[in-house]
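Here is what Swiss-Prot says about this protein:
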type	residues	note
BINDING	Asn7, Glu385	Mg(2+) binding site
BINDING	Lys14, His207, Leu208, Gly209, Asn210, Gly211, Asp283, Met284, Arg285, Gly331, Val332, Gly333, Glu334, Asn335	ATP binding site
BINDING	Arg90	substrate binding site
ACT_SITE	Asp147	active site, proton donor/acceptor
SITE	His179	site 'Transition state stabilizer'
SITE	Arg240	site 'Transition state stabilizer'
Amino acid sequence: MIVLVVNSGSSSIKYQLLDMDNEKVLCKGLAERIGIPGSRIVHKKAGEKFIVEKPMPNHDEALKIVLEVLKDEKLGAIKDFKEIDAVGHRVVHGGEKFSGSVLIDDEVIKAIEEFSYLAPLHNPPNLMGIKAIMKLLPGVPNIGVFDTAFHAKMPEKAYLYAIPYEFYEKYKIRRYGFHGTSHRYVSKRTAEILGLDYNKAKIVTVHLGNGASIAAVKNGKSVDTSMGFTPLEGLVMGTRSGDLDPSIVTFLMEKEGLSAEEVYTILNKKSGVLGLSKNFSSDMRDIEDKALENDPLCRLVLDIYEYRIAKYIGAYAAAMNGVDAISFTAGVGENSPITREEICVNYLSFLGIKIDKEKNNVKGEERIISTPDSKVKVLVVPTNEELMIARDTKEIIEKGLKQLEY
């Protein structure tokens, strides 16, 4: 079965074509600068990189060009569009309705549109991608895989905010969580690597990219996660503040004469690592390099970043009444030995965690980095959201399902 995976953003579209009989990536790429001058496709096939420069005024045109590339004699991997059996789409917000991946029909599209008020930056471009593919590949089934779905069945005690209950009833203000596809892939893979029964294991997954979140996965279900109503809650991120006292918002509005929208932009785009480092960088690689050169501010930023992560891991060990494994993933999680080591050694030794320095000296590679006698296993598990989306797509098509429950 050939599956095309599409992740449609506001000005870019990531795509991957997979042969699901052997889970092999046939080719992949990124259409960037959609609707902006200088639009192009960066395409990869068999380790080779190709640049296709073409005007892409909108998502329809961008995906049309992507499909042409997939069929191209030199760049592509198929001879005819009929070879594409299904398309899997990343959709950011599924609200409370979707707790699993779904076969997309008019009703599902309507629901995604309804949830757009919860993810105004993400759901509309996700929908543009879905609608464009439906036009370009009529008759090919489309599957929606939601970032929120894995967390949708968190218990009420984990997802409700302690604000008047009517706001939950009126506006569905609650904790939703994000990065669900990544947390699901990494937790499942962790259980496989360790030979644990996924449905009986207690796993903490630590997704550290420019956006970052942690999940507590107990018996194969997400029981808590650090992001909330929006991806602003939780950890210190590249440009997001993470947890803070909400009264800071009204305080800044008053003292700086700012609108709610302006404060929101500050907390989302100008805070986190970027804000703490006095606008030096939002990239943890830059912060780490300077911290290792004994720059006091960058050392402090790294300390704050790690401290917040360690607190959440400790909290989730309590939430699950124990922990079998902790897995680091995404850009920073996969590629920063120092962050992993400092979190585990400085804060988590009380859990009986011991890190093997040599094994931890790994970047972007699947590996157990704890010692054999470590009571809790610590791993690096590179995430693979596209594969997870493709697997869900295959399962729904093969089993003739409308919705796949996790």
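Including glycine, each Cβ sits where the backbone N, Cα and C put it.
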**Report entry** For Leu208 (ATP binding site), the three-state class that DSSP assigns
**Finding:** strand
Query raised in the report: What are the non-local neighbours of the residue listed as 'active site, proton donor/acceptor', defined as same-chain residues 6+ apart in sequence with CB under 8 A from its CB?
Result: Arg90, Val91, Val92, His93, Gly94, Phe178, His179, Gly180, Thr181
Query raised in the report: Roughly how many Å separate the Cα of Asn210 (ATP binding site) from that of Glu385 (Mg(2+) binding site), to the nearest whole number?
Result: 16
Report summary line: Candidates Asn7, Asn210 (binding-site residues); min other-Cβ count within 10 Å returns Asn210
Query - Spatial neighbours of Leu208 (ATP binding site) that are distant in sequence (at least 6 apart) but have CB under 8 A - result: Leu235, Met284, Ile309, Phe328, Thr329, Ala330, Gly331, Val332, Gly333, Ser336, Thr339
Report summary line: Cα of Arg240 (site 'Transition state stabilizer') to Cα of Asp283 (ATP binding site), in Å and rounded, measures 12
Query raised in the report: Between Arg90, Arg240, Arg285, which of the recorded positions has the fewest other CB atoms within 10 angstroms in the structure shown?
Result: Arg285
Requested in this report: Can you grab the distance from Asp283 (ATP binding site) over to Glu385 (Mg(2+) binding site)? Cα atoms, rounded to a whole Å.
Outcome: 22
